[in-house]
Amino acid sequence: MQIKLANPRGFCAGVDRAIEIVNRALEVFGPPIYVRHEVVHNKFVVEDLRNRGAVFVEELDQVPDDVIVIFSAHGVSQAVRQEAAGRGLKVFDATCPLVTKVHIEVAKYSRDGRECILIGHAGHPEVEGTMGQYDASNGGSIYLVEDEKDVAALQVRNPDHLAFVTQTTLSMDDTSRVIDALRERFPNIGGPRKDDICYATQNRQDAVKQLADECDVVLVVGSPNSSNSNRLRELAERMSTPAYLIDGAEDLQRSWFDGAQRIGITAGASAPEVLVRGVIDQLKAWGATGAEELDGREENITFSMPKELRVRSLI
């Protein structure tokens, strides 16, 4: 068996920044540091931060007074921000800047009284945060659609004063079909010049297509609650290549590779490279050889840290 590695894979700039914000806060201020929701959707990362003193909660009413709170990379609603401000909590915002860009778009549509359609997955924290940027007091509404059927059933107040945005971690192919359906039903709909799916999601989906085309089996390292990791697995399967989503080497089953000659490995944007290396080691223990890195797009994007966390404490 030969191992092929997708390129790029693993951490993106937004995930790097979010994890570093928690790490720096722990170093500068000491534990406990409270984090609203998992800072990124990866079991290994969350457990590591928890062991260092991060406390993960789902709502701010689980947070004591006079502590530091970090908002996760997925973003939060305006109501959550107002709740934190009302309690005087010290907040560091780890929202991915590309998610913040979508928030700004929604807020602008809201101020203009323009109704907004969000393409995304119900229940995902990024979707909840983005929906929560819309202020309906101006007379508009924000609607969530997941697929073309939702578009067909959608009832809006003014089809000529309408715009759309998208969740950043969707399947590019699926999203293109939904956008086409929106433009067909609402010819005057506005939106971004390109969809809001982030560069890292696009690059990893392109890379997994190449991987699935060249391999007999594809492994996606990522946690089950990771949206972008699930999209990678689905994309490989649509290309008729068996694909499995795994947290790490402990999830591997040897029977998956019966008759396989080429095994492809990629990782979602919230999965650290150490987990990929563990998978490679296990496959090599079962007789796999090599670990060929495929050609792919170079990523050199970085996002800045909050000012108070840019210099490590000397204490």
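Using the three backbone atoms N, Cα and C, a Cβ is placed for every residue, glycine included.
Noted in Swiss-Prot for the protein shown:
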ACT_SITE  Glu126  active site, proton donor
BINDING   Cys12, Cys96, Cys198  [4Fe-4S] cluster binding site
BINDING   His41, His74, His124, Thr168, Ser226, Ser227, Asn228, Ser270  (2E)-4-hydroxy-3-methylbut-2-enyl diphosphate binding site
BINDING   His41, His74, His124, Ser226, Ser227, Asn228, Ser270  dimethylallyl diphosphate binding site
BINDING   His41, His74, His124, Ser226, Ser227, Asn228, Ser270  isopentenyl diphosphate binding site
- [ ] Starting from the Cα of Cys96 ([4Fe-4S] cluster binding site), work out which of the binding-site residues (His74, Ser227, Asn228) are within 10 Å.
- [x] His74
Task: Additional residues around [4Fe-4S] cluster, ordered along the sequence, whose Cβ is within 8 Å of the centroid of Cys12, Cys96, Cys198 - done: Ala13, Gly14, Val15, Ala73, Pro97, Leu98, Val99, Thr168, Thr169, Tyr199, Ala200, Thr201, Ala269
Open item on the list: Which secondary structure state does DSSP assign to Glu126 (active site, proton donor), in the simple three-class scheme?
Closed with: helix
Open item on the list: Say we define neighbours as other CB atoms within 10 Å of the CB. Which of the binding-site residues His41, His74, His124 has the fewest?
Closed with: His124
Open item on the list: These are the binding-site residues: Thr168, Ser226, Ser227, Asn228, Ser270. Which one scores highest on other Cβ atoms within 10 Å?
Closed with: Ser270
Open item on the list: Around the isopentenyl diphosphate site formed by His41, His74, His124, Ser226, Ser227, Asn228, Ser270, which additional residues qualify by having Cβ within 8 Å of the site's Cβ center?
Closed with: Val40, Glu126, Thr169, Asn225, Ser229, Gly268, Ala269
- [ ] List, in sequence order, those recorded positions among Cys12, Glu126, Cys198 whose Cα sits within 10 Å of the Cα of Ser270 ((2E)-4-hydroxy-3-methylbut-2-enyl diphosphate binding site).
- [x] Cys12
- [ ] Identify, in sequence order, the residues in the chain of Glu126 (active site, proton donor) that are 6 or more apart from it along the sequence and have a CB within less than 8 Å of its CB; answer 'none' if there are none.
- [x] His74, Gly75, Val99, Gly120, Gln167, Thr168, Thr169, Ser227
TODO: Give the number of CB atoms, excluding that of Cys198 ([4Fe-4S] cluster binding site) itself, located within 10 Å of its CB.
DONE: 26
Open item on the list: Rounded to a whole angstrom, what is the C-alpha distance between Asn228 ((2E)-4-hydroxy-3-methylbut-2-enyl diphosphate binding site) and Cys198 ([4Fe-4S] cluster binding site)?
Closed with: 10
Open item on the list: Taking only same-chain residues 6+ apart in sequence, whose CB is under 8 Å from that of Cys12 ([4Fe-4S] cluster binding site), what do you get?
Closed with: Cys198, Tyr199, Ala200, Ala269, Glu299, Ile301
Open item on the list: Among residues His41, His74, His124, Ser226, Ser227, Asn228, Ser270 annotated as binding dimethylallyl diphosphate, what is the maximum Cα-Cα distance? Answer in Å.
Closed with: 15
TODO: Using a 10 Å cut-off, grab the number of neighbouring Cβ atoms around the Cβ of Cys96 ([4Fe-4S] cluster binding site), all chains included.
DONE: 26
Task: Mapped DSSP class for Thr168 ((2E)-4-hydroxy-3-methylbut-2-enyl diphosphate binding site), helix or strand or coil - done: coil
